[in-house]
Every structure is written in structure tokens, then in C-alpha cells.
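A.B. asks: My structure is below; once you've seen it, I'll send some questions.
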Amino acid sequence: MGKGIWVYAEHKNGKVKKVTYEMLGAARQLADQLAEEVAAVIIGKEVGELAPALGEYGADKVYVLENDALAEYTTDGYTRALAGLALEHRPTAIFLGCTVQGRDLAAQVAQRLQTGLCTDCTKVELQDGQITLTRPIYAGKAFVQAISPEARPVMATIRPNVLPVPQPQGGRAAEVVQVDVEPGDIRQIIKEVVRQVSSRPELTEADIIVSGGRGMKSAENFKILEELADVLGAAVGASRAAVDAGYAPHSMQVGQTGKTVSPQLYIACGISGAIQHLAGMGSSKVIVAINKDPEANIFKVADYGIVGDLFEVVPLLTREFRKLLGKEKEC
Ligand SMILES: Cc1cc2nc3c(=O)[nH]c(=O)nc-3n(C[C@H](O)[C@H](O)[C@H](O)COP(=O)(O)OP(=O)(O)OC[C@H]3O[C@@H](n4cnc5c(N)ncnc54)[C@H](O)[C@@H]3O)c2cc1C
């Protein structure tokens, strides 16, 4: 038995993030081929109760690192905890979600472990006995396959919503290993966490995203996107131009300097399709573009294009989806 394929189990508001389950599925396949075990590592305060779910999704072992000082994510506290555990056990690979937290933590841990890091991967597989990582480059126009024959552990961040979620096996139990963790001096002090309350799914995990660009013309006009999103159970995103103009907060920005998303359906409204925007949403399964300019670049990547005024098309779609999905009374 080798030293293990590890998955960093990210969680939020008492729930394991979906990308963790996606990574467990890929880790399970690799581990079976390499005759290794799959271990999930979960860090926080009172997070042990999340361990059974990790077992059902494929972990053989769950390392639980609990401490009051780790109640909220801090770069130095979590780095020390994860890197310390990895230095002790020397796993073959460590995967983290390519999320805000995962990106931050992975870079720090890789540095501590003196290993490489392949970011934003969309595929993990075994080729000729090597863990092979695939990542898009040039805004998804090409793919790089990376192997790391010598560096251990192999470290990668995995793009959410790309790998399939494995079927959970009810009752499949993982060995739970409670780890004493001494976070030491944490220099970052979290004084207050202001949580945004939203009934909509989180952008990076949403199956459907309705996104608006500069063509929305004002923050108030985003209301028509929110109405469509609520009928579809979707999240709302925005282009950088819309964020820069103050129509939407930066947390909604999709693209090179915003979030990377991979929903089943991405509806781009009044977005021209600049390469930096495509870098964040180009791997969406189905792209629908609504734009009044038939030459807009977004139509080159769209599966369905509607040439028209979004202020007519979006409310029409909302009305029709409401009828189709029988949501007339709720709205
Ligand atoms: C280093 C760097 C990083 C960047 N990072 C990002 C990033 O993360 N995300 C990002 O999005 N951009 C990013 N950008 C900016 C990017 O280059 C574009 O400027 C931006 O994406 C344009 O946003 P937009 O499509 O909303 O606006 P525009 O390009 O102005 O397009 C607006 C579109 O709306 C259409 N329109 C207008 N009115 C209507 C209407 N009534 N009905 C239908 N259509 C209408 C127009 O035809 C037009 O196509 C970055 C740029 C740089 C240099």
C-alpha cells in the first residue's frame, strides 16, 4: 500500500463543498489503480461530524484536524496544519478545489513541501504509471498535460463542477483519525465574518448561471437576471465591465480575475465575450448568449445564440420558463 491520495475536504457553513466529492471520485480511481488508499483531510472546529459523508463518497481514511483556533480559515493556521500532516505522512498526491480557499492554501502548502503545483486542472488520470494532470490554457483554446515524475507529493487544484460526483455508498465507513493539531501563532486574526445570505446557489458550484455584462446598463437592471435565475434555481454572475461599472459586486465576477465556473448551462446576457471572460466560463457545458450585436465574440463559443435586445428576451424567457416549470404561483 502506497502513501495515499489525499483530498483536502473544503467545507462551508457546516457542509462539505461539492468539489470535495468530485475530487474524491477521481482520487478513488487513481488509488485503485495505484493500490493506494484515499484519505480526506478536514480542518476546522467541530468538523468531525462531516467525516461519515467523506467515507460514503470514497475516502478510506479521514484525518480530522480540530482546534478552536481553526474555526475560521486562515492562511497560516491551515497551511501549518495541512503541511505538517503531509510532512509526517508523505502522501503520493494532494488535491484541493480550485476555489478561493483552495488556491490560497495549495500554493502555501506546496511551498512548504517544496513540491510543484498544477492549478485549475480539469482531468486527473493515470497514464503510463504517472499521475497525469490536464489543465486548460489560452482561455480554454488548448490543453496542457502535466506530469511530475520526481516531485512528491503531486499537488493540484481541481476546477469545481468538471469531474463527476461519484455515487455515494450509504454506510461505507472511513477510518477516522483524530489529529492533535497545534496551530502555533496565527498571525491572521479574523475579527468578524459577515455572511451574505442568499437562497441562490454559490457561483462556482451552480448548475445554471445567468450572467450579465455591460449591456445590463445599471445595477437595478440586474433584477431581471435575478428573476430568471430564481425561476431556474440558478446563480447570478457578471462580467468585469459590469463589476467595474458598479452594477454587481466583485464576488459575482466571472473570468480571469474573477471566478472560474463550469455549470451545465451558462446564459450570457449583454456580454461581448472577451478572452478574459471566456477564461472563466469557457468550460460550461452549454452556453447561451443573448446579445444585440450579431458579430459579438460570445457567439463564437455559444451553443445557442439569440440576437436581440436582452431587455425583451430575458423577461420573455422568465415568463416561458415559469410556465414550463409550473412556478407561476410562487412568483
Ligand atoms: C488583465 C485583465 C483581466 C480581466 N479579467 C476579466 C474577468 O475576470 N472577467 C471579465 O469579464 N473581464 C475581464 N477583463 C475585461 C475584459 O477584457 C472585457 O473588458 C470585459 O469582459 C467586457 O465585459 P462585457 O462583455 O460585459 O462588456 P462589453 O465588452 O462592453 O460588451 C457589452 C456587450 O453588451 C451588448 N449589449 C449592449 N446592450 C445590449 C442589449 N440591450 N441587449 C443585448 N446585448 C446588449 C453589446 O453588444 C456588447 O457585446 C479583464 C481584462 C484584463 C486586461
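From the backbone N, Cα and C atoms, a Cβ is placed for every residue, glycine too.
Okay, so TrEMBL annotates it like this:
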| type | residues | note |
| --- | --- | --- |
| DOMAIN | 5-193 | domain 'Electron transfer flavoprotein alpha/beta-subunit N-terminal' |
| BINDING | Arg214, 239-240, 253-257, 270-277, Asn291 | FAD binding site |
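For the listed features, I'd like the structural context: burial, neighbours, distances.
C.D. replies: Averaged across the domain 'Electron transfer flavoprotein alpha/beta-subunit N-terminal' (5-193), pLDDT in this predicted model comes to 94.
DSSP gives Ile271 (FAD binding site) a coil state; it is part of no helix or strand.
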A.B. asks: Just counting, how many other CB atoms are there within 10 A of the CB of Ile271 (FAD binding site)?
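C.D. replies: Within a 10 Å radius of the Cβ of Ile271 (FAD binding site) lie 31 other Cβ atoms.
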A.B. asks: Identify, in sequence order, the residues in the chain of Ala274 (FAD binding site) that are 6 or more apart from it along the sequence and have a CB within less than 8 Å of its CB; answer 'none' if there are none.
C.D. replies: Ser239, Gly255, Asn297
A.B. asks: Which chain-mates of Gln253 (FAD binding site) that are at least 6 residues away have a CB under 8 A from its CB, listed by sequence?
C.D. replies: Gly237, Ala238, Ser239, Arg240, Val243, Lys259
A.B. asks: List the residues of the same chain that sit at least 6 positions away from Gln256 (FAD binding site) in sequence and have their Cβ under 8 Å from its Cβ, in sequence order, or write 'none'.
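C.D. replies: Within the chain, Gln256 (FAD binding site) has Cβ neighbours under 8 Å at Ala139, Gln276, His277, Ala279, Gly280.
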